[in-house]
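Chemist: Take a look at the following structure, please.
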Amino acid sequence: MAYNPKILQKPKEGEEITIKDGKLHVPNYPIIPFIEGDGIGSDITPAMIKVVDSAVQKAYKGEKKIAWYEVFVGEKCYQKFKDHKELSPEEQWLLPDTIEAINHYKVSIKGPLTTPIGEGFRSLNVALRQKMDLYVCLRPVRWYGSPSPVKEPQKVDMVIFRENSEDIYAGIEWQEGSAEAKKLIHFLQNELKVEKIRFPESSGVGIKPISKEGTERLVRKAIEYAIDNDKPSVTFVHKGNIMKYTEGAFMKWGYALAQKEFNAQVIDKGPWCSLKNPKTGKEIIIKDMIADAFLQQILLRPSEYSVIATMNLNGDYISDALAAMVGGIGIAPGANLNDTVGMFEATHGTAPKYAGLDKVNPGSIILSAEMMLRHMGWVEAADLIVSAMEKAIKSKKVTYDFARLMDGAKEVKCSEFASVMIENM
C-alpha cells in the first residue's frame, strides 16, 4: 500500500525499504523516518544523525546515503499540531501519519518521549509498541570501555529479548475504590471463590496476560538470533515458581517450541535442552532461570549467559540492571521489532532539566543507530560506529556523566562527543 499522509508532507527524496520473501531489501538511498524526541531529544538526535551520516559516507564513499524523514510523536508533535481540530487529543500527541510512516518505511529511529499528563494518556512509548504490535524489545548489552561499578564489565555480553505486548504492561488495571475494581474483586470472590485478596476493600487490581502465541513468537526470534549470531545459549528468565500459569507457562511453552521447531533434545531428564546450530554445527543450550537468582548470576557469573528471553516486567528490570554494569542507561541501545518493522530508540528518558544544554551523552541513540545499520545490512558503517565509540571513550574525551568517573578525562559537549567519534572513524 502507498503511504498517503493526511498532514505530513511526503519525503521529497529517497527510496522505500521493502520486504521480499521475508527479507529486508534496502536501496542505496533509503528513507528512514526519525522522531527527534522530547527534552534532550533535540541534543542527542542531531548528534546521532551526524555520526551516522559520517559512518555511511566513510564506509561507502558516497554510494549509499540515508534520506532522513522527520515524523512526530510527543511534546514536539503536540506543539506542532495542537490546533488541528480534526485530530483527537491522543492523535495530537501520537500522529496517525507517523504510525503509517513507521509501518510503511520499515526501519525508523526515535529519541526519548515524554508522557502527557492527564487522565487517559498512556506512555507514548508503550502506545507506539502496542499500536504496531512491535512485540520484541531487543536490548544488546556489552562494554565499550566506559566507567563501570563492577570489576570485570568486559564479561557482560548479552542480548535481551523482552516481550513487548503482554504482561502487566498491557495496562489492564483498575484503581482502588473504583466501580470496576469492586466489580472484579466481587466476581473473583463470589464466582471463582478466591480467598487470597488480603484487603479487598482497598485494593487496586491488575491483570497479567501471558499467552502461548506471544511466548512462542518471542522465543522463536530469540533462538533464531542465537543461530544467526553464533551464540552459545538462550535462557528463559521467569518467576514460574510463584506465577505458575503465566510465567511458569512462558518457560514451558518456550521449551516446547525449541523442541518442536528447532529439534532441541532434552539434556538428562530436562528441562534444559540443546540443539545444533544448523549454520555452524555448534551446540546451543536452551535453559531457564528464576528471575531473582538471575539478577544475582549476572553479577557473579555474567559470562555464562548470552541470549535472554523474558517477559515484559522482568525484561525491564534486567536490561536496566545490566546497563548499569557497563556504563549506565545513557549508553544502552534498544529496538522494538515485529516481523516486518524495526523501530530503534534511545532507551533513557527525556531529562528535561538538561534539554537544550548540549550536555548529555548521545551514546544510547548512536548505538541504537548502529543496531539499525546492522539490521539494514550496512555492517561496514555499523562497525565504524562501534570502533569509533570505543576509541572516543578510550581517548577520555567524554560527556560529563563519564568525565566525572574517569581520571584525566576532558569533558566535552554532546555535539562535541559526536565530533570526537567522527575523528576516530
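Glycine too: its Cβ is placed from the backbone N, Cα and C atoms.
What Swiss-Prot shows for this protein is this:
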type: BINDING; residues: T114, H348, G349, T350, A351, P352, K353, Y354, N361, Y400, R404; note: NADP(+) binding site
type: BINDING; residues: S123, N125, R129, R139, R162; note: D-threo-isocitrate binding site
type: SITE; residues: Y169; note: site 'Critical for catalysis'
type: SITE; residues: K239; note: site 'Critical for catalysis'
type: BINDING; residues: D316; note: Mg(2+) binding site
Chemist: Report, as a single number, how many Cβ atoms besides its own are within 10 Å of the Cβ of D316 (Mg(2+) binding site).
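Modeler: Total other Cβ atoms inside 10 Å, all chains included: 17.
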Chemist: To the nearest whole angstrom, state the Cα distance for the pair R162 (D-threo-isocitrate binding site) and the residue listed as 'Mg(2+) binding site'.
Modeler: 8
Chemist: At the level of the C-alpha atoms, what whole-angstrom distance separates R129 (D-threo-isocitrate binding site) and K239 (site 'Critical for catalysis')?
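Modeler: Rounded to a whole number, the Cα-Cα distance is 24 Å.
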Chemist: To see if you understand the setup: which same-chain residues, six or more apart in sequence, place their Cβ under 8 Å from that of S123 (D-threo-isocitrate binding site)?
Modeler: T115
Chemist: How many other Cβ atoms are found within 10 Å of the Cβ atom of R162 (D-threo-isocitrate binding site), counting all protein chains shown?
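Modeler: A 10 Å sphere around the Cβ of R162 (D-threo-isocitrate binding site) contains 27 other Cβ atoms.
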Chemist: Between R139 (D-threo-isocitrate binding site) and A351 (NADP(+) binding site), find the distance joining the two CA atoms and give it rounded to the nearest Å.
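Modeler: If we compare the Cα positions of R139 (D-threo-isocitrate binding site) and A351 (NADP(+) binding site), the gap is 21 Å.
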Chemist: Between the recorded positions N125, Y169, K239, D316, which lies closest to R404 (NADP(+) binding site), Cα to Cα?
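Modeler: If we rank N125, Y169, K239, D316 by Cα distance to R404 (NADP(+) binding site), first place goes to D316.
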Chemist: Go through the recorded positions N125, Y169, K239, D316 and tell me which ones have a CA within 10 A of the CA of T114 (NADP(+) binding site).
Modeler: N125
Chemist: Counting all other Cβ atoms within 10 Å across every protein chain shown, which of the binding-site residues T114, N125, N361 scores highest?
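Modeler: That would be N361, with the highest Cβ count within 10 Å.
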Chemist: If you count Cβ atoms within 10 Å of each one, which of the recorded positions R139, K239, K353, R404 comes out on top?
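Modeler: When each Cβ's neighbours within 10 Å are tallied, R139 tops the list.
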Chemist: Just counting, how many other CB atoms are there within 10 A of the CB of Y169 (site 'Critical for catalysis')?
Modeler: 23
Chemist: Do you know offhand how many angstrom separate K353 (NADP(+) binding site) and D316 (Mg(2+) binding site) by C-alpha?
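Modeler: It is 24 Å, counting Cα to Cα.
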Chemist: Could you measure between G349 (NADP(+) binding site) and N125 (D-threo-isocitrate binding site) for me? Cα positions, answer in whole angstrom.
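Modeler: A Cα-Cα distance of 11 Å.
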